Every structure is written in structure tokens, then in C-alpha cells.
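Visitor: To start, I am sharing the structure in question, which I have written as C-alpha cells.
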Amino acid sequence: LNQTVCLEGHFCDLSDTKDVEDVGTSLEGDANKLAYCVTDVPPWYLCIFLGIQHCLTAFGGIIAIPIILSQGLCLQHDALTQSHLISTIFFVSGICTLLQVVFGVRLPILQGGTFTLLAPSMAMLSMPEWTCPAWTHNASLVNTTSPEFTEVWQTRMRALQGSFIMGSLFQMFVGFSGLIGHFMRFIGPLTIAPTISLIGLSLFDSAGTSAGYHWGVAVMTTALITLFSQYLRHIPVPIPAYSIHKKLQFTRVLLGIVFSWLICYILTAYDVLPTDPENYGYLARTDLKKDVISKAPWITFPYPCQWGMPTVSLAGAVGILAGVISSMIESVGDYHACARLSGAPPPPKHAINRGIGMEGLGCLLAGAWGTGNGTTSYSENVGALGITKVGSRMVILFSGVLMVVMGMMGKVAAIFTTIPEPVMGGMFLVMFGVISAAGVSNLQYVNMNSSRNIFVFGFSMFSALVIPNWILKHPEAISTGLVELDQVLQVLLTTSMFVGGFIGFILDNTIPGSKHERGILAWNEAHEGDFSNTLESREVYNLPFGISTYFSSFPWLRHIPFCPPGPCTNSQTTLSTYNVGVHWWS
């Protein structure tokens, strides 16, 4: 590790230029030097400012999930309930972020809703028994305050909640028991690539539906996002956001959305957009949900079981389980990327175990509160560390607090629901496309000149598009005589990411091929070595409040997979661990 270790336990340099280039954050000269490292504490005003910036970075992904999910929950015409869902997911994401940074992997990594779990959720809600009644698609027939309508969407939400709670128990077991390391030995790039790519590809229908309400606005949104995030990415934009090397940076995807939103507002004000609901482009107007802001409370407090007691569905639980496994795989990669960009040593096994277990606890909380989703590590915010050059976990703690506060501000969430559908559709085109490409990027470790690898990847991808499409068109084809088994197969076979990941996993582990050819050696290179018993690692990953020191005093506790493997062996280490325990915020 080419990292400078100060007496105070600061890690001030990124590992090397090559590693930074791998995550797209390469700069010249002194740009590789972090302004604040993982254990540093920036000034309070900078923590608040950067915390806001991280929230804005996660903004698009967090609000997109409830909006997409509302289609399956029959909430298309209930903007007020959509705002409640947005408040809830912000609130829970904030709590999970605080838990992850303080007691989990302890890296500056934000937690939030995930599209990995959205795909199986939508597959579950597409089952015949959960199909929305025809009258819920007609705005004139929907009475959002009627008990009938409330029961329609809340029964679906409660079924999702129970499924997430069951899936979270599995993730907690895998994390806190240390099984994640055994799973990762059998999962290579040829399994991960189709799984992640199909998360984005499986949501093409939602993107097309939203964009199709006004293709002109959707294309404009896509063009603005592309302009700000790609063509102008090296040009400072005069909007307040912090970067140590470029004093004016901004979350450019959000900037594109705001500009499109503003243009739609102008077109609405001058009645350029149609006022007749039957005309094309009507849903691009910004005044369709203006009453939501006035109806939404100033202060709201999401609480567990606010939609009723969760119900358990075997089919839903198994379907969510497929998403949970994919989420765990993705998070392990995020931990290593975050460690590189925050100047921390590679995360040891016990920290990874804690991180995955804490994400499982986050999914449990999300299920209990009723977000309609789980939580996972946000790759977008990991990338933001490379831009700001501030890797302090204190900043992410502020982000967590800010998200909790935002979750209690009902009118803020209501404002988000007024974003026109075509603007969201344009954002989906970019966002889901990037997710699909991110999955394919894992093939850089694989020898794609090999006919074996081309076959595995190509067959996995194509089968994962064909099979779910056919099952959705012929739901009666699955008939084993057992209703519960039929439901399980229905959910799994209509979840593209499960089909693609499962086929890729089976083929990659059964068709003969060397580890070098399969990309296993290159993939595992970043995971090799055990840095768990070094001073640098203890400074970053030991539990706060002296908990690790307490564990080290009991020999049998050292074997728990989420605890440091050995005791403190010298006075310097003891002092270091004590400092981390007392000054946990650093």
C-alpha cells in the first residue's frame, strides 16, 4: 500500500494512479492526494455542505424507486401516498447510513434503495393475483381516500414488506456468519456481468412508459443530462458544490433534471403543453400535482408497520432472495472501491461481514417501515469521493442525518412527486443504461476472445430476456399442481436478473475453463491479502466506543466473523484502538 500513515492514523494518499483510473477519477499531479481521509474530521460547515452534495447525488436513484413501484402498487393516481413513500425511503436510508458508517463496514459509503431489489418486486407484483384492478388505472374513478382503494395498495405493500423482512434475515445470517466469503469463491465476472446488466435492461418498460408521455421532453432531459455529465464534465459549472481541485462542481445528472423541470414549468405557464388530459403531452405539465404540496404535512414521522402488519408470501420471499444475493455481491465491490477512494486499507473480512450483515439489518428496517424496497451501498456516492477528494466518513454521517431530516419533511417529498413523468423517463433512459453498462464493464476481467466466455455471457443474457417475456405472456404455462410452487417459479422466471445470473453461474462453474480465462484471478486480485491485523486497518475498521478492545479481552469472541481476529498486541495499537473507540466520529 502506497499510503502515508501519520501518527494520528491518517491515510492521506490514494493507493496509486492506476487504481484511481479504474473508477474514472484520475486527475493529474497532486490530484491523487486526498484533502480529507477516512478518519479525518473536516470543519463542520464543510461536512454539512458535502453531506448535502452526497444527498443530491443519491437523489435520483432514491426517488425513482417509489415512483416506479407506484405502478405495481396501483398508486399511479395517488401522488400524496407517493410522497409518503418518498419520505419513508429517505428516512430509512438515513438511519441505515448511520448504522453502516458507525457499526458496519465503517467506510464513507451511503445507503439507499436499490434497483437490484426493484426488479423482483415488480416481478412479484406482476403475478395474476396482484394485478391492479382496472378502475385504478382511471384517474376519474380513483378515490384516494376510500377504504377500498387504501386496501388495494396496502395489501400489496404489506406483501412486499414481509418478503423483504424474510430476505433480510438471510442477508444478516450470511453477513454475520461470515458465509459471504464462501459465496464469493464461486461467483466470478461471468455471473456478475449479466446479473447487474439485466437490472437495467429489465426496467426498460418503465423507462419507455414514462418517456412515452412526451418524447420531446424525455429526449430533452436525456440531452441535458448527457451535456452536463459528459460533454461539460471538465468545465466548472457556477452552482455551489465543493471539490478540492475544482472549486465549483455539481451533481450534473441532477442539474439536467432541474433544467428540464424548469423548461416544463415555463411551457406549462404559457400553455404550450396541452390542457386536455386526452391529448398527447398532457403529463409533461408541472401543475398536475400542485395540490399535493398543499395537502402534504410539514412534518411527518414514518414508523414501523405504518401500512399495517406485514404478510409473508413464499413466492415473494424467494424472489426477493434472488435480489438480496445480487445486492450482496455488488456491495462487496463497492466496499473495495470506497476504500481505495477514501485512502483506507482494503477492507478485511470481518469488516466486510459486518457491512453485509448491517445491510441485511437495513433491509429489515426498510421492510418494517414499508419503503417497498431494501437498502444497499450506493455506487454513485463512491464515485463522488473521487471528485471531491474528501473521504471522511464524518461527511457521510452528516448525509445520513440530513436524509433522516428530509424524511420527516413531508412537503419536501411532495415537491419531488411533481416532477413530470417524461422528465423522469429521460432520467431513466440514462440511469438504467448506465446500470446495464456497469454490469458489462465487469467483463474487463474476462478473456472475451474465448469462445467459451462469449457463449456463457451471450446465452445468459439472451435467455434472461426470452424466458421472462414468454412467461409473462403465458402465465398459465406453469402448473405443477402446487399453488405455492407455481407462484415461486412465476416470480423467479419473470425476474430477468435471476434467470441471467443463475444460468451464468451454472455455466461458468461447469463448463471447463481456467481461472485466468474466466477472469477469476483478476477479479480476486483486489480481495487477496489479510490486512485485518495492521495498525492502519484497526484505525479504520475497528468498532467504535472501545467495542473492539472489549472483544479482544475475550479469546472466544475473537472468532466471531464480524470481529477483529486478534487482540491488541502493543501499546501503540492499544492507544490507536482506544482513540478510535472514544473519538468514533473520526
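Cβ coordinates are placed from backbone N, Cα and C, and glycine is handled just like the others.
Keep in mind that TrEMBL annotations are predicted by a computer and have not been checked by a curator.
Reproduced below are the annotations present in TrEMBL:
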{"type": "TRANSMEM", "residues": "43-69", "note": "transmembrane segment"}
{"type": "TRANSMEM", "residues": "89-109", "note": "transmembrane segment"}
{"type": "TRANSMEM", "residues": "159-179", "note": "transmembrane segment"}
{"type": "TRANSMEM", "residues": "213-232", "note": "transmembrane segment"}
{"type": "TRANSMEM", "residues": "253-273", "note": "transmembrane segment"}
{"type": "TRANSMEM", "residues": "307-325", "note": "transmembrane segment"}
{"type": "TRANSMEM", "residues": "395-417", "note": "transmembrane segment"}
{"type": "TRANSMEM", "residues": "423-442", "note": "transmembrane segment"}
{"type": "TRANSMEM", "residues": "454-472", "note": "transmembrane segment"}
{"type": "TRANSMEM", "residues": "487-507", "note": "transmembrane segment"}
Visitor: With an 8 Å cut-off on Cβ pairs and a sequence gap of 6 or more, do the transmembrane segment (43-69) and the transmembrane segment (423-442) reach 3 or more such pairs?
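Guide: Judged by the Cβ rule, the two regions touch, with the required three close pairs present.
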Visitor: Should anything in the same chain at least six residues away from the transmembrane segment (423-442) have a Cβ under 8 Å from its Cβ atoms, list it; otherwise answer none.
Guide: 60-61, 64, 67, 115, 189, 192-201, 203-204, 206-213, 217-222, 225-226, 229, 253, 256-257, 260-261, 264, 284, 379, 523
Visitor: How about long-range neighbours of the transmembrane segment (395-417): same chain, 6 or more residues beyond its ends, C-beta under 8 Å?
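Guide: Distant Cβ neighbours of the transmembrane segment (395-417) are 36, 42, 46-48, 50-52, 54-55, 63, 67, 79-80, 82-84, 86-98, 101-102, 108-111, 289, 292-293, 295-302, 381, 585.
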Visitor: Under 8 Å, at least 3 Cβ pairs, sequence separation 6 or more: does that hold for the transmembrane segment (253-273) versus the transmembrane segment (213-232)?
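Guide: Checked: the transmembrane segment (253-273) vs the transmembrane segment (213-232), in contact.
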Visitor: Would you kindly check 159-179, 307-325, 454-472 and say which stretch has the most C-beta pairs under 8 angstroms to the transmembrane segment (487-507)?
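Guide: Ranked by Cβ pairs under 8 Å, first place goes to 454-472.
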